[in-house]
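I have placed the structure first, in the form of structure tokens, so that the comments after it can refer back to it.
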Amino acid sequence: MPRIKKFFQSQKAMKNFVLLLFVLQPVFDLDYLIYPFLDQFGIPRPSTIIRFLIIPFAVLWCFFLADKNKKKTLLFGGLYGIALAIYFLLHIRQGSIIYKNLYLTPNFFFQLSKEITYFLTLIIPYGMIYCVYHLRLTEKMIKGVTVALSSLTALPIFIGDLFVFGESTYAGMTAAPFLSWFLGIYADPTKIHPRQLASKFFFEEGNTVGILMFMLLPLLYLFFQRSSSKKERVALGSLIGIHSLSMIILSTRVATFGTVLIPIGFLVLYLFTTLLMKENRFEKTVVLFCTGTALVSACILPHSPAVVNQSIDSANTAILLQDDYLRKELGSSLENTTELKTSDYYRFMFEAYGIRANLMASVPTQYYMEWYYYTADPKFWVDVLELPLEQRVNGRQIEKIFMNYKWGELSGKEKLLGMAYSTFNNGSILLERDFAQQIYTMGYVGAALTVLPWLLVTCFGAVLVLLRWKRSLRLDVLVYAMALGCGLVSSYISGHTIDQFLTSSFMALLVGVLLNLVLQPKQSEN
């Protein structure tokens with residue numbers, strides 16, 4: 001008992017425990033592989049227990065041991081908690097009723113357990129920010145977390161692709177290693193599609209892993225520049241090489257193009273703080289390394305699955321644009337017909353133009369055949385066909401059109417509380433764009449309470465940096481801010497960020513560290 005008491009009173013033990021929670025997030029994400037076995041016995045996923053019980057416990061531990069101003073924390077935390085509780089009760093009350101009035105297909109339904117899980121997923125990372133801020137992590141600790149996360153994501157992807165035993169980022173298993181990209185494997189895309197060459201190892205969400213790696217890369221360059229020995233610099237340089245190649249292997253667009261953008265961005269920040277702010281000693285090695293990795297990545301990109309797949313999509317879109325006369329013909333038919341426009345009429349028109357004339361060829365068939373099948377709402381799908389191709393060329397655009405369509409059926413008061421995340425997640429059509437998605441599903445009030453704080457704290461930090469520019473315009477501050485910016489921009493472009501612990505936990509780490517750097521004296525590096 002005294003040992004347990006001593007453990008919970010130890011600042012060092014608390015720091016190590018919290019850091020372990022950050023480091024092991026990629027491992028927690030793999031537990032979906034054993035969930036079918038656990039589910040037989042009614043056992044929840046380990047990640048569920050860790051993220052919804054153990055992380056809140058760590059926040060409480062930090063509160064009792066590290067917080068020097070508990071009354072203030074209780075006041076603001078209590079007010080925020082009350083606001084969240086009132087909102088959520090009203091939200092689930094509306095969500096459990098409103099989906100019946102949105103004329104959705106039966107696969108769209110409200111689910112309380114999923115709504116609670118999603119709500120907590122958005123909220124808990126703010127507690128993680130609180131932990132990081134009060135733990136005053138040193139640069140050495142942050143470096144350890146960064147290197148560990150990079151190793152736990154990049155190395156499995158690299159090895160899995162090299163020996164061809166990982167899953168494809170998009171569907172099925174990886175068909176061939178990255179070396180095949182340069183050996184003519186794209187010659188016949190009917191045999192092996194570029195998407196089959198993308199690899200995510202066995203991680204659950206390729207997009208989410210790609211965004212995490214995108215945020216990690218600037219920090220790896222920072223620690224490379226700050227290496228104190230040749231041996232350490234070689235090790236970090238090698239890790240950066242594998243990390244960058246793994247991002248290209250993963251083949252999400254954010255990860256792929258990030259391998260070129262990040263070293264260029266870091267080099268700009270390095271030269272700014274070195275030549276203008278006189279913070280660093282100019283090193284040719286750093287400049288040459290950043291330039292070299294950017295050039296190597298740029299040379300690989302034309303052979304990468306992401307770029308080749310994008311070329312194929314562009315070619316297919318160009319072919320569809322040649323059939324734009326059919327879309328105009330459809331519009332003319334709808335405008336000039338004297339026939340009564342019943343559901344049967346719209347169903348016939350969609351089948352004739354959308355399916356048989358192939359005007360919906362660029363959109364995965366699941367959208368209109370399974371998830372929101374055209375026979376249930378043919379007019380909606382005919383309206384989609386009437387849009388210019390560039391506005392409906394892929395699934396993500398269809399998601400936006402669909403969410404806007406259903407959002408328009410809500411009254412002004414209903415928009416305050418949203419349409420409910422679980423309803424659209426169960427239906428499989430959910431906008432993959434953070435911030436916008438939360439407005440649709442959580443409503444204006446919910447989005448303000450759950451995701452707006454990310455933007456507010458970012459703006460607050462930016463203002464502090466400008467006000468204290470002499471002390472704050474340092475390479476470490478700018479690189480951490482760059483990494484956070486990568487996460488926020490990616491979340492809006494691709495989604496799968498703010499509502500995924502794998503990425504939101506690392507963003508919480510970055511925010512906590514940045515608040516320390518701009519509000520407190522410079523941290524010790526030991």
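Placement of Cβ uses the backbone N, Cα and C atoms for every residue, glycine included.
Under the heading transmembrane segment, TrEMBL lists 48-66, 73-92, 116-133, 145-164, 208-224, 244-273, 285-304, 442-465, 477-495, 501-519.
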Checklist outcome for this item: Counting Cβ pairs closer than 8 Å to the transmembrane segment (208-224), the top stretch among 145-164, 477-495, 501-519 is 477-495
Item to check | Sequence-remote partners of the transmembrane segment (477-495) [C-beta within less than 8 Å, at least six residues beyond its ends] | outcome: 207, 211, 214-216, 218-219, 221-222, 252-254, 258, 262, 265-266, 269, 272-273, 431-437, 454-455, 458, 461-462, 465, 503, 506-507, 510-511, 513-514, 517-518
Item to check | Considering the transmembrane segment (116-133), which listed stretch of 48-66, 145-164, 442-465, 501-519 counts the most C-beta pairs under 8 Å | outcome: 501-519
Item to check | Which of 73-92, 145-164, 442-465 contacts the transmembrane segment (501-519) most, counting Cβ pairs under 8 Å | outcome: 442-465
Checklist entry - Sequence-remote contacts (6 or more beyond its ends) of the transmembrane segment (442-465), Cβ cut-off under 8 Å? => result 80, 83-84, 87, 91, 119, 122-123, 126, 129, 414-419, 421, 434-435, 472-473, 477, 481, 484-485, 488, 498, 507, 511, 514-515, 518-519
Checklist entry - Other than its close neighbours in sequence, what residues sit by the transmembrane segment (145-164), given a CB gap under 8 Å and a spacing of at least six beyond its ends? => result 19, 22-27, 173-178, 199-203, 209, 212-213, 216, 219-220, 223, 236, 239, 242-243, 245-247, 249-250, 506, 509
